[in-house]
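What follows is one structure encoded as structure tokens, with my remarks underneath.
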Amino acid sequence: MSHERLKGNVIRYDSRTLIVTELHSRKHYLCDMPGRFKKLGIKPLVGDVVEFIPTGDDTGRVENILNRRNELKRPRIANVDQIVLVTCLEEPGVPFYILDRFLVLAEYSGLPTIIAVNKVDLLKSRRALLDLYHTYGEYYNIIEVSAKTGYNIDLLREVFKGKISTMAGMSGVGKSSLLNALNPGLKLKTSDISKKLDRGRHTTTRVELLEFDFGGYVADTPGFASLELPEIEPEELKNYFRDLRVHSGYCSFSDCVHVDEPGCYVKELVETGDIPTTRYESYRKIYEELQEKHKEKKRWK
Ligand SMILES: Nc1nc2c(ncn2[C@@H]2O[C@H](COP(=O)(O)OP(=O)(O)OP(=O)(O)O)[C@@H](O)[C@H]2O)c(=O)[nH]1
Ligand SMILES: [Zn+2]
């Protein structure tokens, strides 16, 4: 048995053990952590890249956790590359306002975001799609897909390939169906790995990374499930609307929040239709919600 250090991705973790996928062979190792980690308060996260030394055929001991590029809060994952926001225009027709809330959370996380429009097989015309492109197409990559017919699933596979992703989107838009279309049996396969390496120990409720056969990982639970807004100052909200942000510099006041100020260029663009009304309405609605939250907080101080 060689004792060279190997590197791998943590795909699952409970209080004592980690399942690590070795980067090159993609073999799974059940690893434990040295006691000193706990003493030092070092806790691994799913998505971490760790160095480990094999102690048996499929076991190992973690030596080191490499620096994280980032850390997503919900679900708790390290080194996330992107968010794939799933929506659809029929069954259910997801309101743009809901999409806008997801996008604020995505922008706040600072991660690249791709919009996947699922169930395009249900559309009788391209009208609703054109509306979506008009509203979001300049600022986000949009990909039309159908989990049912397989339309553009190969393109979506390219989006996920080799990356750590998290999917977000309203209930019923087809997130699970898409994962299954991308990689049939994805969830089952992962629970098999867990069972084999775990030797029947209790199952964890923590987030796990599912491994695509074609390379790459996706969180097994959707992100931003609650749509609850993070602690953003109302004045900061404008930074999380890409389309407002790019025009912010042209308002008369540099700290313009695009609500009541004179000489607001953003409001001018809403008038001329260059910024979609739905986007501006979402902005106002969320702005007011944040103001309320802010007031509440002050009241209790
Ligand atoms: N027509 C059509 N139906 C689809 C498509 N994708 C999913 N569905 C259906 O939409 C319903 C919801 O799909 P799910 O994959 O469970 O959606 P989900 O986003 O995972 O839902 P949650 O688990 O509630 O978050 C199911 O009845 C699917 O069969 C599609 O591309 N076209
Ligand atoms: Zn303004």
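Cβ atoms are placed via backbone N, Cα and C, with glycine included.
Quick caveat, the model's predicted, so the values are computed rather than measured.
According to TrEMBL, the domain 'CP-type G' annotation covers 69-227. The domain 'EngC GTPase' annotation in TrEMBL covers 78-225. Per TrEMBL, GTP binding site is recorded for N118, K119, V120, D121, G169, M170, S171, G172, V173, G174, K175, S176, S177. TrEMBL lists C251, C256, H258, C264 with the feature Zn(2+) binding site.
For ligand 2, the binding-site residues lying close by, meaning a CB under 6 A from one of its atoms, are H258; the full candidate list was S171, V173, H258. Checking the binding-site residues V173, C251, C264 against ligand 1 with a 6 Å cutoff on the Cβ atom leaves V173, in sequence order. In the three-state DSSP scheme, C251 (Zn(2+) binding site) falls into the coil class. Taking the mean position of the Cβ atoms of C251, C256, H258, C264 as the Zn(2+) site, the remaining residues of that chain whose Cβ falls within 8 Å of it are S248, S252, F253, V257, V259, E261, G263, Y265, V266, K267.
The two recorded residues, K175 (GTP binding site) and H258 (Zn(2+) binding site), have Cα atoms 35 Å apart. Taking every protein chain shown into account, N118, S171, S177 are the binding-site residues, and of these the Cβ with the most other Cβ atoms within 10 Å belongs to N118. The Cβ neighbour count for V120 (GTP binding site), using a 10 Å radius over every protein chain in view, is 20. S177 (GTP binding site) sits 43 Å from C256 (Zn(2+) binding site), taking the Cα positions as reference.
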